[in-house]
């Protein structure tokens, strides 16, 4: 799960939009019509028992093309990389399944067989096969979740200001959908209507069905961006078909005014499926071996904590990089419906087939480490939420919050203010939200032991993802805030680990 980076905008942005959309609560200090000149922003560093200091820094670019959203891309290198991921991503998830199913969980053994046999013979012998029953079940699952997304009541939440100045509304009913889905699944299993290990037993066909849907969704989203875009002014074109297919063109594609592609596919067929798949593999371990190990229980607990945190704080997720900055292409479309259910559950898939029994001490240490990582993750984001809700007028760790006030411009020509927190965890490193995420990720994989690399795929992926996002955040915030971001980096020197990185 992603967390808001320091460059996320806070409640003052929402006050800006109140005037724009004819609502009360906006002051002239927060909204100016662009006159083609760089506006001046004031840095407010609020310190205990000290007056507010002010530094005048030119923060807003005069270039009418706003570039702080998705990187435009377009180079041959980026296009080649995107094409490679689009091709090898599906092949990788198939290879992981083959390694689990036919090579005792050894990724290296499966790769050795691939090199020895060659592509075609290897695929003919080991590739997962489609199943009509699995395809029908997968389509039914999508329609069921789409129905819950459309009809269940939820909190009316606002996203974050887009580069074009749009502020979108969302019906965040994910927790309700998660509860309804799991209650129905448990009741169906208890009553004997469904085999509790059904997903695990049909995972081969479901994996093929999910990949087909992910590719179709990616293609549909690409064409929709040209034919019927939801917010045309928020689209980004790189000039490369390959890059635009992978990274997406539309920022927030929708059906109608409220049925959002991003939130639905990430939260419903992706994350709701995560915990259902875990339960199915726990049941399958019992059916295969006659017992359930403490290792698969620990992994399932940590997964459930993480997934439930997403749904409990779904309105907070609307201000993260996935919703605010990433456009909807193969990266999010295929990633949400294939990568999340596959890679995020790889530990339980491994442990169901190849049980690992942990000593009581090891089990306790791993569980507490994972919960500690989650506690850090939640504490970091709680500080940001308090800071946002109070517009900086709060205390962090018993002291008045310190922050930088800076300005940025949206495509509609309006200037807005944003605050960058420099207290608490956010005063130690600029991407404190990623530290707890990484600790939890490695704790999720630790119960699998060190015999094979494959069950550690999730932790390795999260490391690469978050390191890359650190770099992306830094570049985007520099483009968005200019000199103010440089001033922020002087105050908070470290990206992720104090004194190291």
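Placement of Cβ uses the backbone N, Cα and C atoms for every residue, glycine included.
Heads up, TrEMBL stuff is auto-annotated, nobody curated it.
Sequence-distant contacts of the transmembrane segment (76-100) (same chain, six or more residues past either end, CB-CB distance under 8 Å): 106-107, 109-111, 114, 126-128, 203-204, 207, 211, 214-215, 218, 238, 240, 242-243, 245-247, 330-331, 334, 338-339, 342-343, 346, 349-350, 353, 454, 457. If you look up TrEMBL, you'll see 76-100 (among others) marked as transmembrane segment.
According to TrEMBL, the transmembrane segment annotation covers 106-124 (among others).
Counting same-chain residues at least six beyond the ends of the transmembrane segment (136-155), those with a Cβ under 8 angstroms from any Cβ of the stretch are 171-174, 176-177, 180-181, 202, 206, 209-210, 213, 259, 264, 268-269, 272-273, 314-315. Marked as transmembrane segment by TrEMBL: 136-155 (among others).
If you look at the transmembrane segment (175-194), the same-chain residues 6 or more away from its ends with a CB under 8 A from one of its CBs are 144-145, 148-149, 152-154, 267-268, 272, 275-276, 279, 283, 307-308, 311-312, 314. According to TrEMBL, the transmembrane segment annotation covers 175-194 (among others).
Summarising the annotation, TrEMBL assigns transmembrane segment to 206-227 (among others).
Positions annotated as transmembrane segment by TrEMBL: 291-308 (among others). Beyond the transmembrane segment (291-308), the same-chain residues lying 6 or more positions past its ends with a Cβ under 8 Å from any Cβ of the stretch are 1, 175, 178, 271-272, 274-275, 278-279, 281-282, 285, 344-345, 347-348, 351-352, 355-358, 363, 366-367, 370-371, 374, 440, 443-444, 447-448.
Taken from TrEMBL, the feature transmembrane segment covers 328-346 (among others). If you look at the transmembrane segment (328-346), the same-chain residues 6 or more away from its ends with a CB under 8 A from one of its CBs are 82, 85-86, 89-90, 93, 96-97, 100, 207, 210-211, 213-215, 217-218, 221-222, 244-253, 261-262, 265-266, 269-271, 273-274, 277-278, 281, 303, 322, 454-455, 457-458, 461.
Counting same-chain residues at least six beyond the ends of the transmembrane segment (358-377), those with a Cβ under 8 angstroms from any Cβ of the stretch are 3, 293-295, 298, 301-302, 305-306, 309, 425, 433, 435-441, 443-444, 446-447. For 358-377 (among others), the entry in TrEMBL reads transmembrane segment.
According to TrEMBL, the transmembrane segment annotation covers 439-466 (among others).
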* Please give the sequence-distant neighbours of the transmembrane segment (439-466): residues at least 6 beyond its ends with Cβ less than 8 Å from one of its Cβ atoms. => 96, 99-100, 105-108, 294-296, 298-299, 302-303, 306, 343-344, 346-347, 350-351, 356, 358, 363, 366-367, 369-370, 372-374, 376-377, 431
* Same-chain residues near the transmembrane segment (106-124), Cβ under 8 Å, at least 6 residues beyond its ends -> 95-96, 98-99, 452-454
